[in-house]
Amino acid sequence: MILQDFEKKIFKFIRDYKIFNKYDKILLGVSGGKDSMSLLHVMSKLSKTMGFEISVAHLNHCMREEADNDEAFVRQACWKLKIPFFSKKVDVFTYSKKNKVGVEVAGRKLRYEFFYETLRRLSYNKIATAHHMDDLFETMIYRILRGTGIYGLGGLIPIEEEITKPMLCVDLEEIKNYVTINNIEYVEDKYNYSLDYARNKIRYEITPLFKKINPRYKESFFRLAKIIWSYREEVKRKFEERSEISKDSLKLRLENDFFDGEIIRIAFLKFGKYPPNMEETEKIIKMRKGGVRKINGLSITKKSDSLLVKI
């Protein structure tokens, strides 16, 4: 099967970062927008080239009058491509008010809950989302503004456990060209243009300033992200070397080097907890022997040259 340049680029990225193999069963998150419809068409072709299996999951957020039409649109697209389709309807606005969280946070939580629920039901092993280079840039800027360490600066990751992002190597302009050249239909989401969301403020107010300074700013950030992804792999190796994990606790060996702080933050992630900031991490490292700190639902006890982290 002949691949277009856009598809070849994604195929190379998948191989470089070992995102998929022929034994994988992959659930695609498809909303119907141009980015996820590109993902659908590219993965449909690559499934034949690489031999993996795909299905589609679509969450109807009930956030727009056209939401039911969007669901029907994606269902029809999957039918044409002979790809299994699974959907669920939720009321994001009601969930947002009831749980006192932002609409964006609520939507993401419900979306991934549905993805994992479907993943388990189908006995699949990976989820693929349509995040692209523009999303990567925006996430990196957002994290810098909020405050982050090197480990978190990488923004979005090509593969992390079940979640994969095979389109991080292409930007929005390339996606627009791909859907235009191939006459791929898609739906437009008005919330993508709402300046009520911090990420869209970055997209429509801050990004143009970067473009004036360096028209190829996204490629610069992508190169930086790749360096950080390599760094993250080294941090993970250090964590494996220095940690002993049991059912409800984790022992970390400290070696008085830069990686101590990084492996402490990974320990929090292992327990599904938000990691402490750099200042709080430094306080943990400097605790006296026998000292105890409780942070984000975890208890941390300082031993002579190690930390015991417990739920």
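Positions of Cβ are set from backbone N, Cα and C atoms, glycine also.
Note that the structure is predicted; figures quoted are calculated from it, not measured.
According to Swiss-Prot:
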BINDING   Ser31, Gly32, Gly33, Lys34, Asp35, Ser36  ATP binding site
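Between the candidate binding-site residues, Gly32, Gly33, the densest Cβ environment within 10 Å is the one around Gly32. Within 8 A of the CB centroid of the ATP site residues Ser31, Gly32, Gly33, Lys34, Asp35, Ser36, the other residues of that chain are Val30, Met37, Ser38, Leu39, Ala130, Tyr186, Val187, Asp189. Under DSSP, Gly33 (ATP binding site) is assigned to coil, being neither helix nor strand in the three-state scheme.
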